[in-house]
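Step one of this worksheet: look at the structure below.
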Ligand SMILES: CC(=O)N[C@H]1[C@@H](OP(=O)(O)OP(=O)(O)OC[C@H]2O[C@@H](n3ccc(=O)[nH]c3=O)[C@H](O)[C@@H]2O)O[C@H](CO)[C@@H](O)[C@@H]1O[C@H](C)C(=O)N[C@@H](C)C(=O)N[C@H](CCC(=O)O)C(=O)O
Ligand SMILES: Nc1ncnc2c1ncn2[C@@H]1O[C@H](COP(=O)(O)OP(=O)(O)OP(=O)(O)O)[C@@H](O)[C@H]1O
Ligand SMILES: N[C@H](CCC[C@H](N)C(=O)O)C(=O)O
Ligand SMILES: [Mg+2]
């Protein structure tokens, strides 16, 4: 419970109709979940407009509504707060309602097309091992210290996020590492939060269905840094061509990391092996268990963040050298007949190219690389032909299959992918709609020593077809198939 006036603190109010001295029992932006005493926040979404439900919610017990446009009929006993942006207002109100949790711990946000989960998960594991109570907000799962809280989004909505952060504060967490998706910046899910720091990994092709242009996508990521305060740090990858763009208008302390460019935190790859990376990191030679040159960037981002959070350099590197990455990222198993299977979450062209070039670099050159890959439905269509082409360019055999078709026809997605397969590559490609059958086929094709890459689903435990999620786990299916191989 809270008094409306108190939780409106910091909201840019344009007009108030009714009393703000009323008790609020819960916050809600979904009319279907309103109960007695709710403060409803009307948000214009991608499919509908919350303002269309303001009348319904007041009939169902809502006592107040935050709106961008006042309704024609003002219900008696209901308070209306008019603002310019209700999603931003929700961020501020949710923060107040849950006692401003982000100001009570050190919250670090990580943004970028790829590497967010890896960097946040490593930071979470590192700070736990350094002896702190820590929270994690990530695509795979959220953590309140040791307690797992299932994740629904990469970055939760304003209410879920502040509620989660509040539980972290109650559990004594001193740090929280969270992924900041570009959707969350544009939809103001992170508004009202106080960040101790922001980290940028990279930006490459993805989510153009939502952002429409690459420029808008860059602006979305930059928006996160633009809103950091002068007390925060902004750590960016300056080997990425847009790394410096993130720092252009930020008030935060600007810090950089790179393998190639001049930067505050530097690393060099000494060896990149199947067993892990051997790096020179700020003049110290360290072995890490993560594989692939892209992970040198992730490790460097983690190292830089830990130092900016005033941790001891030697302790950080010692712990970091023992850590494994996030579930479903370069997760490999070896069959009894010595076929190697790798499950990875590469679901963008850049990630797919990185993972396949890593596999090529660490393979002996005599084995075949068999890639099983699909593209998500109701998501960026433009990446589909590019991902198929990338798979062909770096593999000996490619099986195109389904990866969460959602509400789209799986055949249509495969046709979009096939458009990227050149005439010369046609003979490499098979299309098998059913992902389980595609994995089985890859296992049948593989000879001892060959490498199978299952890309795109990583940790996911479901396949979403026609809006229905059924149990599906790439690694489990691969393990079953491997056990059948003599
Ligand atoms: C495209 C997108 O991002 N959609 C998110 C968005 O929903 P929306 O804009 O479509 O909402 P809408 O259906 O148009 O409704 C608008 C408003 O009316 C309200 N409403 C609607 C119907 C009704 O009967 N009553 C009612 O009150 C809704 O609650 C909402 O407040 O706001 C919702 C509430 O915060 C999110 O749950 C929803 O995420 C959907 C499920 C989603 O799939 N999002 C993905 C694309 C996403 O966010 N991904 C990113 C990153 C991915 C990555 O890691 O690369 C993430 O952070 O997870
Ligand atoms: N720094 C990086 N640069 C490029 N590719 C990377 C990097 N780190 C990881 N990848 C690739 O991207 C995939 C996804 O990594 P990760 O889950 O860490 O990214 P993410 O940014 O959290 O993705 P999402 O947007 O889905 O939340 C990995 O499985 C790997 O193939
Ligand atoms: N968080 C990303 C993950 C995509 C993973 C892939 N398996 C897919 O379903 O497209 C998204 O929602 O776009
Ligand atoms: Mg993620």
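Cβ atoms here come from the backbone N, Cα and C positions, even for glycine.
Since this is a predicted model, take the numbers as computed values, not measurements.
Segment annotation: TrEMBL labels motif 'Meso-diaminopimelate recognition motif' over residues 403-406 (candidates 403-406, 407-410, 411-414, 415-418). When 329, 353, 379 are compared with the meso-2,6-diaminopimelate site residues 403, 404, 405, 406, 456, 460 in TrEMBL, the one appearing in that site is 379.
The binding-site residues recorded for this entry are 403, 404, 406, 456, and the Cα of 456 lies nearest to that of residue 115 (ATP binding site). Taking a Cβ distance under 6 Å to any atom of ligand 3 as the criterion, the binding-site residues 113, 403, 404, 405, 406 reduce to 403, 404. There are 19 other CB atoms within 10 A of the CB of residue 379 (meso-2,6-diaminopimelate binding site), with all protein chains counted. Counting every protein chain shown, the Cβ of residue 113 (ATP binding site) has 21 other Cβ atoms within 10 Å. Taking the Cβ of residue 221 (N6-carboxylysine) as reference, residues of its chain lying under 8 Å away and at least six apart in sequence are, in sequence order, 111, 112, 182, 185, 200, 203, 242, 246.
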